[in-house]
Amino acid sequence: MPCLCTLQFVFFDLGDRNYVIIWKKGYQLSDVGLSYVTTKLKGTALTNLAIKFPVKVGDKNETGTIFDGPRIWDSSDYVIPPEENDAVFVMTNMVITPRQKQGTCPEDDEKKKARCHHDSNCTARQEVVTGHGIMTGRCVKPDRPRKENGTYGMCEIYSWCPVEYDVLPMPGTNFGRDLKKNESLLQEAINFTILIKNTVQFPSFGARVRNIDDKKVDKTYLKTCQYSSDKENRLCPIIKLKTIFDEISDTAFDDAAVWGGIVAIKIKWDCNLDHDARECLPHYSFSRADNADAKIAPGYNFRFATYDVENNTQYRTLIKAYGIRFVILVDAKAGQFRIIPLLRNLGAGLALLTVATVMCDICVLYLLKKKYFYRTMKYQYVDNPDANTSEDDASFPFLVVENE
């Protein structure tokens, strides 16, 4: 039947040849790339901090101020740790607790289980749950303003003293101006740049691609280029943090810089190795990986400390670092002509002819308006020529023969 034959071959031709073989490159063997990423941050920031913190003078606690003075922050200061696998952290904000030393001091007022009125409320040598140390058994006056009205004291603890004042912004000033809750300390971080070096190997083909092509660019190119989404600079591996956040629609740099966050830098490789491997180019995209609107435990932060010794006494400066963790995600795949995938897909396409025949018959003989007409054209009904039929054959008065 012309209609049936047409449907069969249209189904096969469009479905198999155009989609599987051409569109999906069914003639190629595919391979997933092995990716290696390194990063390098550049940029500087300037602060002039005056940090307020409790100081123990005899049996009294007083408020002291440490003047940090003008200080330059470079990548050795704000990239923590110096090297990660497929990621890099940039510190943009912080809470600094300076000159801590081993000793005894009141627990933080925020720890309600450490609030007391008598020594009996503080069990000696017992840890303050989620606190900063071990109780001495004494109830003492707080070393900082109480967060709630009352005359309660705080259990004294063995700890690094004074304990961290975990408040953002930390008490103090920068260039003589009070620190603000909605401003990050390292404002210049928006102009920092990140250099991404990405190498991808395709073991099945013995091929390697790199986002910095030595044969297309020279050293001066990396000194002058800067990534942007336009065609001219979209291959530059040096990306300004401002550019990254300009391309993320659901968050602003200031929001992530104050409380911290996680940003995904996606590098996509889709290589056709039937052509020169140097024609395979990366595509960069950016997105906010964590929930920017989280109300509970928002952002990203961690703590680290630096140590020094003065007059045989060890001191440490505790820093609670807020910042942006950039995670580099590489999606790399490649294809190259091989005869076996081509034959396999052609064979699978030919096998579809059987399915096409069944589907076309169902459509033409049972679904179309002229199904009875097509049924009579496909089948010929023949009466049984044997008049002396047996009782067993009486239930089959005619034969059905399919027309050629």
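Cβ coordinates come from backbone N, Cα and C, glycine included.
The ATP binding site annotation in TrEMBL covers K40, L41, K42, T193, N301, F302, R303, K320. Neighbour count (other Cβ atoms within 10 Å of the Cβ, all protein chains): 20 for L41 (ATP binding site).
According to TrEMBL, the feature disulfide bond maps to C105-C161 (among others). With a 10 A radius on its CB, C105 (disulfide bond) counts 24 other CB atoms from all the protein chains.
Here C139 (disulfide bond) comes close to C116, H117, H118, D119, N121, C122, G153, M154, C155, E156: these same-chain residues lie at least six apart in sequence, with C-beta atoms under 8 angstroms from its C-beta. DSSP gives C139 (disulfide bond) a strand state. The feature disulfide bond is assigned by TrEMBL to C116-C139 (among others).
Feature annotation from TrEMBL assigns disulfide bond to C122-C155 (among others). DSSP classifies C155 (disulfide bond) as strand under the three-state reduction. The 10 Å shell around the Cβ of C155 (disulfide bond) contains 27 further Cβ atoms across the protein chains shown.
The number of other CB atoms found within 10 A of the CB of C236 (disulfide bond), across every protein chain shown, is 20. What TrEMBL lists as disulfide bond is C225-C236 (among others).
Cβ neighbour count for C280 (disulfide bond): 20 (other Cβ atoms within 10 Å of its Cβ, all protein chains included). Annotation source TrEMBL lists disulfide bond at C271-C280 (among others).
What TrEMBL lists as N-linked glycosylation site is N191. The Cβ of N191 (N-linked glycosylation site) has 13 neighbouring Cβ atoms from other residues within 10 Å, across all protein chains displayed. DSSP gives N191 (N-linked glycosylation site) a helix state.
A count of other CB atoms within 10 A of each Cβ picks out K320 as the most crowded of the binding-site residues K40, K42, K320. Between the listed disulfide-bonded residues, namely C116, C122, C161, C271, the fewest other CB atoms within 10 angstroms of a CB are found at C116. Ranking the binding-site residues K42, R303, K320 by the distance of their Cα atoms from the Cα of C236 (disulfide bond) places K42 first.
Spatially, by CA atoms, the recorded positions C105, N191, C225, C271, C280 include one closest to L41 (ATP binding site), and that is N191.
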